[in-house]
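Per Swiss-Prot, Zn(2+) binding site is recorded for 43, 47, 246, 250. Annotated compositional bias 'Basic residues' per Swiss-Prot: 147-165, in sequence order. Per Swiss-Prot, the feature compositional bias 'Polar residues' maps to 184-196. Annotated compositional bias 'Basic and acidic residues' per Swiss-Prot: 200-211, in sequence order. The feature transmembrane segment is assigned by Swiss-Prot to 11-31, 36-56, 79-99, 114-134, 244-264, 304-324.
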């Protein structure tokens, strides 16, 4: 609640200041005919929308409890808010870029630069205040690596296993380690796991009530109040970074307004109503009447210098480049999280190799690693083992492998080799039905016969034991026999002869 309260207060304060200043810029831009300030007011409007999105995302992200329709809660609301903010800012950059190109084609002269300067300084002060409020979110990325960035507590942590509500075993992290080592995550639901095994009672000091405990329900991590603030802060970094980038863009816009107003005020010599001059920076002179051009009462002069008029669009293009450079990482990161790609710090090939090197593991398939939000990385895998007796020890080793890669929420689906089966022949013991085989699971494709083969192939139901025996015999055949023929099961229909009856 502390982190949410601070973020909410900062967002509300910045929202009020931004909205008030946006109204002020719209009024001043109309009075001074300053298109630069009008574009900056539109930037402020986008910031108002961004702050509203951030507030809504922060509000929804507090609802971490699982529901029947949303088993992970609303933990990804802030990631979605970060993506929306990045898209708003990117669209704004292209709008400013188009306006800057138009300014190069048709330069505009600023009216009342002192008023524009005053409003620009006030806007800069407002944005400096916003940068002070959100500067902690300026450079903190998500999932930057493993180590002390998991949001889990130090000290003694209780062992336990999550109560399985579906097929598979939810593996937690290893027991608590020393403070100088990696932090751990425990998945505690009750005192027994899905196999009815009691929790370790040998070290009762690990179950102290003052120790930080993490509880995972339906894949949603729920922490005690000691660690909730730190984890929520990390989970909302993308959203708050989006707000920071908007405030930074406003600050750059205010700097551009101030610099442009100062340069224009001290360097531009424009034409006034009582002055006789021409403006070579425009296609037509600013005083185009014949009386002024033919007048000999005062010498003619030129307005300028013209480079002052091109300073504003040049600075706008520089601002667009800076904003795009700072927004692209946020846009890319939030989009990749929502696309459930493998986090960049996870080497999936090395992870698969380590899992296959574990003693007792025959095959690893259907491995999926993705990032929920912040530092919460989730993995699921099908692990084929030799026998059920050694599975628990294998699961603990697999859990340690995942933990070493920074993955603390893992779901393992165990598979045990059938009698006489080989891993190379049957890579998946729990293959899907033919309806879903092409979509997910082990990707097994049913054999499809075409042409005359389809007519000759009879539909026969055989047991799994018979199928394994046939496959074993098939694998033992030598290469001298040529191509391996398909297993043909012939069914001969012997007609039942009726016994002849004699009278």
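Heads up, the Cβ atoms here are built off N, Cα and C, so glycines get one too.
For residue 246 (Zn(2+) binding site), the same-chain residues lying six or more positions away in sequence with a CB closer than 8 A to its CB are 46, 47, 50, 51, 85, 88, 89. In sequence order, 92, 96, 249, 250, 253 make up the list of same-chain residues 6 or more apart from residue 43 (Zn(2+) binding site) whose Cβ falls under 8 Å from its Cβ. Using a Cβ-Cβ cut-off under 8 Å and counting only residues 6 or more beyond its ends in the same chain, the transmembrane segment (114-134) has close neighbours at 10, 13-14, 17-18, 21, 24-25, 28, 31-32, 34, 36-37, 40, 240, 243-244, 247-248, 250-251, 253-255, 257-258, 260-262, 265. Other residues of the same chain near the Zn(2+) site, with their Cβ within 8 Å of the Cβ centroid of 43, 47, 246, 250, are 18, 44, 46, 50, 92, 127, 247, 249, 253. Beyond the ends of the transmembrane segment (304-324), by six or more residues, the same chain brings 36, 39, 89-90, 92-94, 96-97, 99-101, 103-104, 107-110, 245, 248-249, 252-253, 256, 259-260, 263-264, 267-269, 279-281 to within a C-beta distance below 8 angstroms of the stretch. Of all Cβ atoms in the protein chains displayed, 25 besides its own lie within 10 Å of the Cβ of residue 250 (Zn(2+) binding site). Here the Cβ of residue 47 (Zn(2+) binding site) has 29 other Cβ atoms within 10 Å, regardless of which shown protein chain they belong to.
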